[in-house]
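J.: Dropping the structure in here first, questions after.
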Amino acid sequence: MVKRNLILAFESSCDETSVSVIEDGHRVLSNIVATQIASHQRFGGVVPEVASRHHIEQITKCTKEALEQAGVSYQDLTAVAVTYGPGLVGSLLIGVTAAKTIAWAHQLPLVPVNHMAGHLYAARFVSDFTYPMLGLLVSGGHTELVYMKEEHDYQIIGETRDDAAGEAYDKVGRVMGINYPAGKTVDQWAAKGHDTFHFPRAMEKEDNFDFSFSGLKSAFINTVHNADQRGEVLDKYDLAASFQQSVVDVLVAKTIRALDEFPVKQLILAGGVAANQGLRKQLSAGLQAKHPEVQLLQAPLKYCGDNAAMIGAAGYVNYLHGDRADGSLNAVPGLSFAHLKEEN
């Protein structure tokens, strides 16, 4: 009988406490997620101290539930994987401490995982990867184009120079009176409206793969503020549609341009904003028109947000490549793919 590789994975980089058991890098045996959205809504965003406290309250319970749901014990495990960055330092420390404790107590290998690599590997639950490939990572904290020449190899070829796309969604949502997190509601409203305001598409035509969303955010806020000053009521659906169209146009244009320069076999769309239906549809259409030879892998909706299943998938790859940490592993809130290159 072939031995199963079972990874117990921890994710606590922001405001979701998640523990998962993954078999052989692609089969989800359990994925427990304790969300904190209700606790942060009244603040209009994530409060680090509140997030850390919730992680402390939930981590043991989530671990027990993940093992029970998977039908495994600590003795069955192959390794323990954990997000050690990027993210909120207090939140990261809870997951890192839990993972280190379990790995030490049960004499298991401890595998460090970059949170953003985890988002990429969420697409592994859809299909095996074929290299070289390109990843469009769009989340609340990051917007990046990542080129993967081979497994376990990451090169950032484009990234945001200011706000991440998801961050802009939440700030725009706040102006429109939408509860945090705003992305899903903005997407739903956008589907009912039209691009009547024609907000700027920053850097869309520039000969690089970088992004910028701060100017769009400012233009949106100014439009709403000026209308308020005049006592004018703007159509919320058209506002949402105009904002989203600007974001999506830039994301798709930059991705297609990257594919022109970096021939790949697959394109991954991942991260929290990857759940956006407008982005999914336009990227799929753009790919079909310009690069039909490239297979689009979209992370399943339930694995677009922060979760430990994706950390287990990435952790399995890291485990096979010999990535190990010891008791000195610490949270690295500013971790980037560049760090991984230096370490390897």
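Cβ atoms are placed via backbone N, Cα and C, with glycine included.
Checked Swiss-Prot, it gives:
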- His115, His119, Asp306: Fe cation binding site (BINDING)
- Leu137, Val138, Ser139, Gly140, Gly141, Asp170, Gly183, Asp187, Asn276: substrate binding site (BINDING)
J.: Taking only C-alpha atoms and a 10 A limit, tell me which of His115, His119, Asp306 are near Leu137 (substrate binding site). These are the binding-site residues.
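T.: So the list reads His119.
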J.: Under a criterion of Cβ-Cβ distance under 8 Å and sequence separation of at least 6, what residues of the same chain contact Ser139 (substrate binding site)?
T.: Met116, His119, Ala164, Ala165, Gly166, Gly271, Gly272, Val273
J.: If you draw a 10 Å sphere around the Cβ of His115 (Fe cation binding site), how many other Cβ atoms fall inside it, taking every protein chain shown into account?
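T.: His115 (Fe cation binding site) is surrounded by 24 other Cβ atoms within 10 Å.
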J.: Could you tell me which of these binding-site residues, Gly141, Gly183, has the greatest number of Cβ atoms within 10 Å of its own Cβ?
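T.: Of the binding-site residues Gly141, Gly183, the most buried by Cβ count within 10 Å is Gly183.
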J.: Within the same chain, and leaving aside His115, His119, Asp306, name every residue whose CB is within 8 angstroms of the centroid of the CB atoms belonging to the recorded Fe cation site, in sequence order.
T.: Glu11, Ser13, Thr83, Met116, Gly118, Ser139, Gly271, Gly272, Asn307, Met310, Ile311
J.: What number of additional C-beta atoms lies within 10 angstroms of the C-beta atom of Leu137 (substrate binding site)?
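T.: Leu137 (substrate binding site) is surrounded by 27 other Cβ atoms within 10 Å.
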J.: Rounded to a whole number, how many Å is the Cα of Asp306 (Fe cation binding site) away from the Cα of Gly141 (substrate binding site)?
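T.: So the Cα of Gly141 (substrate binding site) lies 12 Å away from that of Asp306 (Fe cation binding site).
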